[in-house]
Amino acid sequence: MADYLISGGTGYVPEDGLTAQQLFANADGLTYNDFLILPGFIDFIADEVDLTSALTRKITLKTPLISSPMDTVTEADMAIAMALMGGIGFIHHNCTPEFQANEVRKVKKFEQGFITDPVVLSPSHTVGDVLEAKIQHGFSGIPITATGTMGSKLVGIVTSRDIDFLAEKDHTTLLSEVMTPRIELVVAPAGVTLKEANEILQRSKKGKLPIVNDQDELVAIIARTDLKKNRDYPLASKDSHKQLLCGAAVGTREDDKYRLDLLTQAGADVIVLDSSQGNSVYQIAMVHYIKQKYPHLQVIGGNVVTAAQAKNLIDAGVDGLRVGMGCGSICITQEVMACGRPQGTAVYKVAEYARRFGVPVIADGGIQTVGHVVKALALGASTVMMGSLLAATTEAPGEYFFSDGVRLKKYRGMGSLDAMEKSSSSQKRYFSEGDKVKIAQGVSGSIQDKGSIQKFVPYLIAGIQHGCQDIGAQSLSVLRSMMYSGELKFEKRTMSAQIEGGVHGLHSYEKRLY
């Protein structure tokens with residue numbers, strides 16, 4: 001028998017890899033490419049991995065994915081799509097307060113459960129009024145009441161089927177002449193549960209189901225389109241009223257209080273205080289103000305990269321923390337300001353401290369691949385915020401353009417001069433609103449068209465699940481528990497190891513991710 005073989009039982013297993021504590025013990029600044037996670041034992045399928053995770057103290061998401069409040073990433077279309085797939089979007093504030101609040105309102109109106117403030121018309125309104133409402137709101141199924149208001153007697157409903165083939169000369173026709181009358185309507189009584197109402201709607205094969213009280217007065221309505229959305233998007237992030245969750249960004253200055261008021265009126269579920277360096281008297285004062293005026297509104301503070309920064313914001317009362325400084329693909333803060341921290345170290349250090357107080361952490365920036373998402377979650381982050389990864393998708397703001405035959409969309413950092421010139425909100429984020437000379441902390445560029453996130457986000461979700469499967473963690477909470485207990489093991493990578501772990505040795509190749 002060869003002398004290098006040891007005979008006997010197989011019970012002995014040598015220690016292998018580093019715990020997270022050991023990985024970050026030497027004060028090295030590590031980012032996601034600097035380490036790998038060692039595989040564990042698989043006894044479940046990838047689809048069984050539970051990705052439920054906390055966004056804030058009181059808000060939980062079924063998918064740990066968030067879109068960044070950047071003006072080339074998140075407006076209503078992105079926020080709606082992210083919420084439908086179990087995440088959440090944060091509407092940027094590099095715009096007027098009114099525009100931002102209206103974007104939030106679009107998200108909240110997209111799916112509503114019981115609609116208690118629908119568009120209502122009276123029999124004396126015209127077909128033209130219905131067409132105008134369709135242009136403004138995107139639908140034409142409108143209940144008709146005696147006075148044209150909620151709480152009035154229901155007398156009928158007008159749908160697209162009632163007016164589709166009317167000539168333009170008939171647009172002045174009164175709704176009383178074209179509406180489907182009350183006697184032909186299927187309705188549900190006030191007090192019915194949403195589940196019961198949906199069952200009635202499904203059986204009726206109608207597009208809308210009016211809810212009426214004992215006096216036959218309209219008190220609410222539910223839509224068949226919402227029933228379809230429930231079927232097609234089972235992971236959707238919703239509030240207690242069955243509306244999609246929506247976040248919004250605000251600054252930390254006095255005039256941001258007006259913006260905050262409009263956002264809360266529009267229905268924003270959570271506010272992120274948008275600052276490149278969150279450990280400031282301005283942010284602490286704003287947290288105190290919000291918690292005093294809107295005690296039930298969830299507030300995310302940041303950005304921070306150290307436990308000391310996190311402490312001040314946690315003491316002020318934040319419900320979540322956004323971690324990252326200078327690590328985004330369009331960010332030059334570390335280069336220009338000599339301030340920041342490699343993202344892997346930042347996430348681990350802040351998450352390890354914040355968990356003692358029940359404050360979830362968002363890993364914001366530096367995410368280039370689904371593997372980076374898994375690593376961020378394995379270091380203690382509850383959710384991951386994405387900018388460049390979602391830029392240039394169909395849902396991202398902006399128009400496509402062509403350069404050298406490639407379809408592109410603009411993507412810029414909120415610290416770029418381009419963004420600062422558009423609105424003072426970007427200047428305030430970087431404490432530059434009063435400066436004569438603006439110091440750019442970001443760049444402006446373009447990214448190749450990625451298509452819809454309706455395909456991209458499911459790929460990310462599946463990738464996270466498969467990553468957790470290889471690790472041996474059946475949920476994100478188990479993943480974090482394994483990390484903090486020391487069961488999860490890591491290993492540093494040399495530059496040669498990083499090259500080895502990528503595509504190499506080929507003359508040419510095509511990299512298709514999904």
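Here, residue 1 is simply the first one shown, and the rest follow in order.
Cβ atoms here come from the backbone N, Cα and C positions, even for glycine.
Now, the feature entries from Swiss-Prot:
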DOMAIN    114-173  domain 'CBS 1'
MOD_RES   SER160  phosphoserine
DOMAIN    179-237  domain 'CBS 2'
BINDING   ASP274, SER275, SER276, GLY324, MET325, GLY326  NAD(+) binding site
BINDING   GLY326, GLY328, CYS331, GLU500, GLY501, GLY502  K(+) binding site
BINDING   SER329, ASP364, GLY365, GLY366, GLY387, SER388, TYR411, ARG412, GLY413, MET414, GLY415, GLN441  IMP binding site
MOD_RES   ARG341  omega-N-methylarginine
MOD_RES   ARG355  omega-N-methylarginine
ACT_SITE  ARG429  active site, proton acceptor
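Locations of recorded Swiss-Prot features on the structure.
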residue: ASP274; record: NAD(+) binding site; Cβ neighbours (10 Å): 29
residue: SER276; record: NAD(+) binding site; Cβ neighbours (10 Å): 22
residue: GLY324; record: NAD(+) binding site; Cβ neighbours (10 Å): 28
residue: GLY326; record: NAD(+) binding site; Cβ neighbours (10 Å): 26
residue: GLY328; record: K(+) binding site; Cβ neighbours (10 Å): 25
residue: ARG355; record: omega-N-methylarginine; Cβ neighbours (10 Å): 15
residue: GLY387; record: IMP binding site; Cβ neighbours (10 Å): 26
residue: TYR411; record: IMP binding site; Cβ neighbours (10 Å): 24
residue: GLU500; record: K(+) binding site; Cβ neighbours (10 Å): 11
residue: GLY501; record: K(+) binding site; Cβ neighbours (10 Å): 12
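On the 0 to 100 pLDDT scale, the domain 'CBS 2' (179-237) averages 87 in this prediction. Of all the binding-site residues in the list GLY324, MET325, SER329, GLY387, GLY502, the shortest Cα-Cα distance to SER160 (phosphoserine) is found for GLY387. Of the listed binding-site residues GLY365, GLY502, the Cβ environment within 10 Å is emptiest of other Cβ atoms at GLY502. Summary: among the binding-site residues (MET325, CYS331), the fewest other C-beta atoms within 10 A of the C-beta are counted at CYS331.
SER275 (NAD(+) binding site) sits 13 Å from CYS331 (K(+) binding site), taking the C-alpha atoms as the reference points. The most densely surrounded of the recorded positions SER160, SER275, SER329 is SER275 (count of other Cβ atoms within 10 A of its Cβ). Each residue contributes its Cα atom, and for CYS331 (K(+) binding site) and MET325 (NAD(+) binding site) those atoms are 9 Å apart. Note: ARG341 (omega-N-methylarginine) has non-local neighbours GLY29, VAL305, THR306, MET325, GLY326, CYS327, i.e. same-chain residues 6+ apart with C-beta under 8 A of its own C-beta.
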